[in-house]
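Participant: Summarising the annotation, TrEMBL assigns active site, 4-aspartylphosphate intermediate to D450. The ATP binding site annotation in TrEMBL covers D450, K451, T452, E547, F588, K611, R644, T724, G725, D726, R820, K826, N849, D850. Here TrEMBL flags D450, T452, D846, D850 as Mg(2+) binding site. The annotation compositional bias 'Acidic residues' is assigned in TrEMBL to 22-44. Annotated compositional bias 'Basic and acidic residues' per TrEMBL: 1190-1202, in sequence order. Residues annotated as domain 'P-type ATPase C-terminal' in TrEMBL: 872-1126. The transmembrane segment annotation in TrEMBL covers 114-131, 137-159, 335-359, 379-404, 903-924, 936-956, 986-1010, 1046-1067, 1073-1090, 1097-1120.
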Amino acid sequence: MSVRRPDTHGSMVPNDEVMPYSDDETDDELDDDFDETSDEGEEPEVPRPPHPPVEARPKIGWKVKANDRPYHQLPEFEKKVFLCIKKSRYSGNAIKTYKYNAITFLPLNLYEQFKRAANLYFLALLILQIIPDITTLPWYTTLIPLVVVLGITAIKDLVDDLARHRMDKEINNRRCDVLLNGSFQETKWMDIQVGDVVRMKKNDFIPADILLLSSSNPNSLCYVETAELDGETNLKFKMGLRVTDERLQQEDQLAQFDALIDCEEPNNRLDKFTGTMLWQRERYPLDLDNMMLRGCKIRNTDVSHGLVIFAGGNAAKNGGKTRFKRTKIDELMNYMVYTIFALLILVAAGLAIGHSFWYEEIGSKAWYLYDGKNQSSSYRGFLSFWGYIIVLNTMVPISLYVSVEVIRLGQSKFINWDLQMYFAEKDTPAKARTTTLNEQLGQIEYIFSDKTGTLTQNVMQFKKCTIADSFHVITIFVVYPQPVDWTWNHLADKKFQFMDHSLVAVVRSLKDKEALEFFKLLSLCHTVMVEHKDGSDLIYQAASPDEGALVTAARNFGYVFLSRTQDTITIREMDQENTYHMLALLDFNSDRKRMSIILKFPDGRIRLYCKGADTVIYERLSPNSKYKETTQTALDEFANETLRTLCLCYKDISQAEFDAWSRKHKEAQVTMVDRDAALDHVYEEIEKDLMLIGATAIEDKLQEGVPETIATLAKAGIKIWVLTGDKKETAENIGYACSLLTDDMQIHYGEDVNEKLVVRQANRRSEAFTSHPSKKKPAEPFFTDGGKNALIITGGWLSWCPQIDFVDMACECEAVICCRVTPKQKANVVSLVKKYKKAVTLSIGDGANDVNMIKTADIGVGISGQEGMQAVMSSDYAFAQFRYLQRLLLVHGRWSYIRMCKFLRFFFFKNFSFTLIHFWYSFFSGYSSQIGYEDWFITLYNLCYSSLPVLLVGLLDQDVNDKLSLKFPRLYLPGQERRMFNYKNFFVSLFHGIFVSLIIFFIPYGAFLQTMGQDGEAPSDYQSFAVVTASSLIFTVNLQISLDTAYWTFVNCFAVLGSIAIYFGIVFDLHSAGIHFLFPSMFTFTGVASNALRQPYLWLTIILTVGISLLPVICIQFLYKTIWPSDGDKKYEKELEEEERRTKTSAFQRGRRSRRSAYAFSHSRGYADLLASGRSIRRRPPTRGGAQDSIREVSQREAENI
């Protein structure tokens, strides 16, 4: 039985083994998690153990009648779409994934783009520039950049939509045989309707969501490939009902089929279906095993017939819903754009007021400024305000969002191309499945990881077992140096290895009754399907790797599972083949944590076999059951070795007892409300008074490099939480094995901290009455002893703990392990940390039970492992091994964050430097909204003259190489602390831009006051001044980005020099006489560049301006690197010193207490519903593929590189 810890606090401790939630929630059910204790001051006074919630009643409102198209057009099935326009709720089968057609593309795409605030802002500016009294810039200065940005986005959208058009056309024009007017006729998919009977052939795609009626295989079994649905290429199987299999094989039988299907409405669940079929006054239950979903492909089945249940858009609803994720930098960038817009309004308003005063005092009295308009100074100030909104519009960067998307796309490609994240054994490269989250990889504070298949390999091997009987009180078998030779068993799996020769001898002797019963149970109590390949070779397909390992073990010990039909299971017991009649199969789920099978033996006996987690099995054992204590001792030993365990037991049932139970079972099978709950209740009635046989132990090894990866990430300041469905003892031992838990940590268990939680709640309630709400005291830490702490809790404890207290306590710990948690609880934990800590989170997992957690976190990472592709399909990033996570974060994530921050800082700086020239010029132009540059320079500045160098910094820059990034994990800290891009950095860029614009304007202004050219003429005109300031700006901006570039390549050098060359090339062209002759009103700076830039005096002015602009930056960078190192620099230096002093120490293994291990089941549902109807299977075997370097001594040269 379960052993309580000695310091348990009585009723304060919930049942550690309770898993209070089901594991089939959809994404949108996770939005309001833990609402029962959402307010900090409203915790329950007495914590109560949780109760499983009653499953919501399914919506039963979808009726389908076979071979009756007019039935579905009845008025009762119509729905209102607009005003009084109604249409049938049963949509046609044509799909439409494209967004545009030839008529709607231009207006609809423009509408979508102008929903963005920046694009709408520039459209408003363009409209203002059309008004003659307001405009101070030609319309093309705004139109050309806007058209370029809109055009690039529109072309991208058009290419994407054309691909969708081609795909839709190809799918809608596929052909399928439909039963019309008594015979099958070839019909396009788009013409199929709900209620049609269709015929599909081998390798056909399934045209809609279809109820399987019959097939050419025995028992109407149909094999499907779901690669387009969930990415998995291994075959799955569906089956028709027995009644349809027997009566609907011929065309005339199908034509007379008139059943009425009553089922749930279209929804986004891919893992559930509930319905009934009423036919010939009999009602039959329907579930997911009877349904074939649209997009799957028929395999290994010559012909199959089905009834269309959901068509077209309704079938498409049966897909997952993905949350839209945005990065913290995205949010901050939007706020900064709003800040810039507010500054623009304030500056324009100030200059407008200045113009009003200027005109009142000076402008109205100067006869030569009279423009013939009798306008008041206030009205002129109003016009000047809008004029400055136009002139200063480049403060709000129109090309910012397009540039950011280009950078993110490039960073995603670098992740995809990284050969060091390529797993050769399975030919699996890393994949960035999104392009919008790369820089967030450099800010991760918490990682939430699954255990099985993520930290471990999820390749199960049967290692040990305990079988108790009169001869073997407890048999924990001794390891021999050589594995067992299986040549005596011609059906054995030659890859299976087992070390205990004595157990094989006991089984082969046929004298140990309990040992024989043990392996007979393993060969009979399962949901494995078998395929006979090449005559004698058996290929097993199991719902979980654990089941496959157990059946394979029984096979090698002489109990070979051969085949199964609807009612029978055939096995070979040593040399004798026996067939057992299967009366019922009670399938596994994560709430039951066990499965059972009821069999009728050849001699007429009825016996129930059961296997499951020790906690649920021990609760259901008979008082007369033997071997409880001995088996428990063995389980504790297995747990110490981090093995996964199952207890095996049986029960003999009389015929009368079974008949009474069978009637209840059949009633529960056809109920339409809470069918699963009804079945579980019936299962509970029969699964009691069990007799224990023994227990199995399965090994699931750690993946390569997991301990090193976790240790490295911990040094980077990232806290790692493991969320698993395994038992507490196994999870704790795995924590030590993978270096998540270390010997210097103080381990706290959920039951140990209950007293602290009670005190915290009492203090909070008393403070609520005594203290002023505005004077809220900060909460005291839970752990005041100092040192490192780790927390190990269970799902039952988590369900009643107040959420704020749990988050505060857990976040004080270096490591957290949550055991026995359901998929929904995993997502809840992630949500709580995001909600209360505002932290950037990452979830990583490999199975369907990790999907909710992956979608809830800021970053979701999927591992393509043994449990299919559901996690990968729901993830943002995917790769094959957990150890690649450190490279994804510490290299790609860190680089992406640094690059994006540097890009944004410089982008804002160069725009401020460029735009504020107009501000300084306004003091000398009567605040009249005049511009300080040539029109075309304003148009092309962000497009051609300054965009490429900063774009390449955002794509290629790196402060240290990848090896040093991994060697010094603390380099990751600035991203977590958000040091490199925040409002402080923004205002530094603003003041830097103000300073540079001040220098660029006033030095040429002073130089132009009294000057003389070589020809005796003074080049102090406005146009020459505009060319000199523009040239100074181009040199300054491009040289400034050169100073900020840490990693030089040929491309960077070419971009800087090329941008300067492009500027002069375009300027000389635009100032030529030829283009002025063609467009005299648009190109008015004729000959200015060639005249001004041949003056040495003006070149000296440009050099002086650029030098003074860059000199303070050079000095500040020098001082920061030599005299005022940052806190981070000091930490890195300290780490270098520690690294140099570090010596290798011998490994020390922590002594551990004995603990029991986890139950060896996956969280996925088994195949019991399928097997209860009895189907054999042929299925292809899954393909299976067969260190991180430790931190080394750092050389002095590498240290200097940092």
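Placement of Cβ uses the backbone N, Cα and C atoms for every residue, glycine included.
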Participant: What Cα-Cα separation, expressed in whole Å, is found between D850 (Mg(2+) binding site) and R644 (ATP binding site)?
Facilitator: 19
Participant: Using the residues the record lists for ATP (D450, K451, T452, E547, F588, K611, R644, T724, G725, D726, R820, K826, N849, D850), what whole-number Å value is the largest Cα to Cα distance?
Facilitator: 26
Participant: Quick check for the class: what is the C-alpha distance, in angstrom and rounded, between D846 (Mg(2+) binding site) and R820 (ATP binding site)?
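Facilitator: On Cα coordinates alone, these residues lie 17 Å apart.
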Participant: With every protein chain in view, what's the tally of Cβ atoms within 10 Å of the Cβ of D850 (Mg(2+) binding site), excluding that atom itself?
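Facilitator: Excluding its own Cβ, the number within 10 Å is 32.
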Participant: Below 8 Å between Cβ atoms, which of the listed ranges 114-131, 137-159, 903-924, 1073-1090, 1097-1120 makes the most pairs with the transmembrane segment (335-359)?
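Facilitator: Top-ranked stretch among 114-131, 137-159, 903-924, 1073-1090, 1097-1120: 903-924.
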Participant: Can you give the mean pLDDT for the domain 'P-type ATPase C-terminal' (872-1126), rounded to a whole number?
Facilitator: 88
Participant: Inside 10 Å of the Cβ of R820 (ATP binding site), count up the other Cβ atoms and send me the figure.
Facilitator: 29
Participant: May I ask whether the transmembrane segment (936-956) has at least three C-beta pairs under 8 Å with the transmembrane segment (137-159), counting pairs 6 or more apart in sequence?
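Facilitator: In this chain the transmembrane segment (137-159) contacts the transmembrane segment (936-956) - 3 or more Cβ pairs sit under 8 Å.
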Participant: Inside 10 Å of the Cβ of G725 (ATP binding site), count up the other Cβ atoms and send me the figure.
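Facilitator: By my count, 28.
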Participant: Could you give the Cα-Cα distance between G725 (ATP binding site) and the residue listed as 'active site, 4-aspartylphosphate intermediate', in whole Å?
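Facilitator: Rounded to a whole number, the Cα-Cα distance is 9 Å.
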Participant: Count, for each of the binding-site residues T452, N849, the other C-beta atoms lying within 10 angstroms of its own C-beta, and report the residue with the smallest count.
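Facilitator: Candidates: the binding-site residues T452, N849. Fewest Cβ atoms within 10 Å: N849.
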Participant: Near the Cβ of R644 (ATP binding site), how many other Cβ atoms are there if near means within 10 Å?
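Facilitator: By my count, 26.
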Participant: How many other Cβ atoms are found within 10 Å of the Cβ atom of D450 (active site, 4-aspartylphosphate intermediate), counting all protein chains shown?
Facilitator: 30
